[in-house]
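The structure appears below as structure tokens.
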Amino acid sequence: MANIQLRNVVKAFGAAKVIKGVDLEIRRGEFMVFVGPSGCGKSTLLRLIAGLETITSGDLLFDGERMNSVLPSKRGIAMVFQSYALYPHMTVYENMAFGMKLAGASKEELDARVRRAARMLQIDHLLERLPRQLSGGQRQRVAIGRAITRDPRVFLFDEPLSNLDAALRVATRLEIAKLHHEMRDVTMIYVTHDQVEAMTLADRICVLRDGRVEQVGTPAELYDHPANLFVAGFIGSPRMNFIEGPIAAEHGCATLGVRSEHLDLVSEEEGTWTGRVVHAEDLGSDNYLFVDMGLSEPVIVRQPGKVAVAMGEQVWLRPQPGRLHRFDGNGQPIPVPMAAE
Amino acid sequence: MTTTVTAGSMAGTRSGESGLERQRARAAFWFLVPMLAMLAFVAAWPLLRSIMLSLTDADANTIFSGSYEWVGFDNYLRAQERADGTIRWRGVLVDASWWNAVWNTIRFAVMSVTLETILGLLVALVLHAEFRGRGLVRAAILIPWAIPTIVSARMWGWMFNDQYGIINHMLLSVGLIDAPIAWTARPDTAMIAVLIVDVWKTTPFMALLILAGLQMIPKEMYEAAKLDGIHPVRVFFRVTLPLLKPALMVAVIFRLLDALRIFDLIYVLTPRSSSTVTMSVISFQNIREFGDYAEGSAQSTILFLIILVFVTLYIWLGRVDLSGERSR
């Protein structure tokens with residue numbers, strides 16, 4: 001229910017600046033994901049918004065109201081921690097109700113809110129259990145349920161899936177997406193280092209590096225129009241192929257970027273580039289061919305379905321028209337889209 | 001949960017790898033032998049020997065020649081018929097000075113452990129906070145614990161001295177007392193003096209044990225409470241204390257065991273004071289000073305049983321998880 005604005009926010013721990021001036025607007029009801037490599041300051045930024053850390057300089061506004069010195073509990077936020085932070089000696093019900101007992105809610109209202117949240121997450125049959133009697137996925141739901149019970153304006157998630165195994169992570173990701181659809185007016189901010197989580201959950205993604213915002217945009221914007229070399233390399237799996245040297249020079253840039261799915265295997269006559277297959281990864285639905293074109297790293301080519309290519313075989317590649325990304329020597333994109341080759 | 005896993009894996013190995021399992025058990029046994037032998041030598045044997053001696057009439061003259069005799073439970077309780085036909089009960093169990101020592105010991109143990117737990121918790125909470133020079137303070141606070149008891153008892157003995165002790169001097173100069181107090185000699189202050197020294201000496205130990213427990217509590221617990229706006233006092237009683245309970249219980253057990261067999265401090269600080277004499281002291285006096293090995297051993301045995309009862313009660317009442325399995 002809140003529109004969040006960060007204006008030139010800086011956070012320093014002693015002499016070390018962790019957040020180096022962040023300007024960002026998070027719209028009401030939006031699912032915003034902070035993503036970036038470890039140490040980029042994404043968790044710190046979330047903690048600044050939560051009020052668990054103090055802002056060194058700059059402004060934090062919720063609906064135009066300055067929040068810098070407002071107590072965390074008065075900001076109308078709820079947070080899901082990476083470790084879940086459930087109280088081990090309290091039952092699920094007590095965990096969900098604990099923070100609200102002081103909020104002035106009547107017993108009936110409290111009970112109704114806990115049960116509504118529990119139903120929403122299908123944990124109503126677990127209310128009398130202790131956290132240690134729950135599986136990782138169930139604990140995660142309780143942590144989310146505890147946050148829902150608060151009826152927050154802003155929902156904060158700090159890497160909530162990183163303690164779950166791969167299968168559960170996908171399932172819980174779905175749950176969180178569903179939650180976002182059910183709670184349309186609650187602003188959600190989600191921190192992760194996993195760009196797949198970012199791509200699948202976000203309305204908009206904020207890519208951070210070294211305490212600065214690299215790019216903010218929808219997943220599609222980031223994928224199709226990365227603002228710089230870093231974002232181009234960070235978003236997308238497998239990583240975008242970066243080609244330097246003479247081939248890049250031919251296209252009038254320092255680095256030429258092309259995603260693996262935008263390269264086609266073609267016949268010798270149609271081929272633009274050529275190289276030898278040095279490695280292949282068969283994922284069942286897709287095949288990733290690693291083609292050595294005499295560059296520092298092999299170029300990855302994604303081929304749907306089964307491809308019968310022998311190791312060491314010479315192949316010819318052609319980039320799909322309009323799918324090349326050109327970057328100058330500073331890693332900035334050269335805006336004019338490439339014409340078809 | 002752990003037991004089911006173990007049982008499952010055992011069942012799995014029984015079929016195919018029982019040879020390997022036996023080999024492991026054998027290796028484990030040989031690794032344990034030195035420790036078992038050492039324990040038998042320094043703990044089990046002296047304990048059994050002391051229990052055995054308590055059932056004899058051994059004294060300083062007979063103990064080494066082996067000419068003492070088996071007297072059953074006479075050292076504990078025996079009936080003595082007097083010339084006029086009345087029966088008089090003798091033995092440790094009806095000895096007023098022994099029960100005085102038992103009462104002193106329990107009084108001392110309960111009061112010192114209570115005070116040390118509360119103060120230790122306060123100190124630990126302070127040390128848990130982040131401030132400059134915390135490492136130095138943590139090391140410095142251990143100094144009372146590191147000083148040998150004999151030394152600190154002597155030191156405090158001088159400080160408590162009625163003629164030239166600094167404590168009397170300070171109390172006199174601020175006007176709290178009119179005349180110097182012989183702290184360690186007066187029956188009504190001797191126990192207080194002992195308690196002060198013990199609390200001074202042992203609170204740091206308690207504080208460090210509790211601090212270790214505090215550090216086990218994840219920071220997120222406090223942050224979650226902070227986001228909910230829960231008052232710090234409520235957080236302490238509803239979150240910190242319950243989560244600290246396992247560490248606290250273990251710390252209290254350690255201290256209780258220690259306090260119930262207190263000897264050195266009292267022996268040095270308040271010798272011959274019947275208001276502080278404890279079970280260990282009276283047993284020592286019987287054996288070393290009066291050469292009454294039989295009665296001293298009987299007292300040692302009772303002391304052992306009393307400690308056993310205390311600890312069993314405590315573990316049972318508090319459901320202390322010494323194995324650490326349930327807290328996982």
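The chain as shown is numbered from 1 upward.
Note: Cβ is positioned from N, Cα and C throughout, glycine not excepted.
Annotation source TrEMBL lists domain 'ABC transmembrane type-1' at B:102-314.
Feature annotation from TrEMBL assigns transmembrane segment to B:27-48 (among others). Sequence-distant neighbours of the transmembrane segment (B:27-48) (same chain, 6+ residues past either end, Cβ-Cβ under 8 Å): 304.
Sequence-distant contacts of the transmembrane segment (B:106-127), counting only residues of its own chain at least 6 positions beyond either end whose CB sits under 8 Å from a CB of the stretch, comprise 134, 137-138, 141, 191, 194-195, 198-199, 202-211, 213-214, 248, 251-252, 255-256, 259-260, 262, 276, 278. Positions annotated as transmembrane segment by TrEMBL: B:106-127 (among others).
The transmembrane segment feature in TrEMBL is assigned to B:139-160 (among others).
Here TrEMBL flags B:192-215 (among others) as transmembrane segment. Remote same-chain partners of the transmembrane segment (B:192-215), defined as residues 6 or more beyond its termini with a Cβ less than 8 Å from a stretch Cβ, comprise 108, 111-112, 115-117, 119-121, 123-125, 127-128, 138, 141-145, 147, 149, 152-153, 156, 160, 183-184, 240, 244, 246-248, 250-251, 254-255, 258-259, 262, 265-266, 269-270, 276.
The annotation transmembrane segment is assigned in TrEMBL to B:235-257 (among others). Within the same chain, residues 109, 112-113, 116-117, 120-121, 202, 205-206, 209-210, 212-214, 216-217, 221-222, 225, 307, 310-311, 314-315, 318, 320-322, 324, 327 sit at least 6 positions outside the transmembrane segment (B:235-257) and bring their C-beta atoms closer than 8 Å to a C-beta of that stretch.
Summarising the annotation, TrEMBL assigns transmembrane segment to B:296-317 (among others). Sequence-distant contacts of the transmembrane segment (B:296-317) (same chain, six or more residues past either end, CB-CB distance under 8 Å): 47, 50-54, 58, 75-76, 91-93, 98, 102, 249, 252-253, 256-257, 260-261, 279-280, 282-287.
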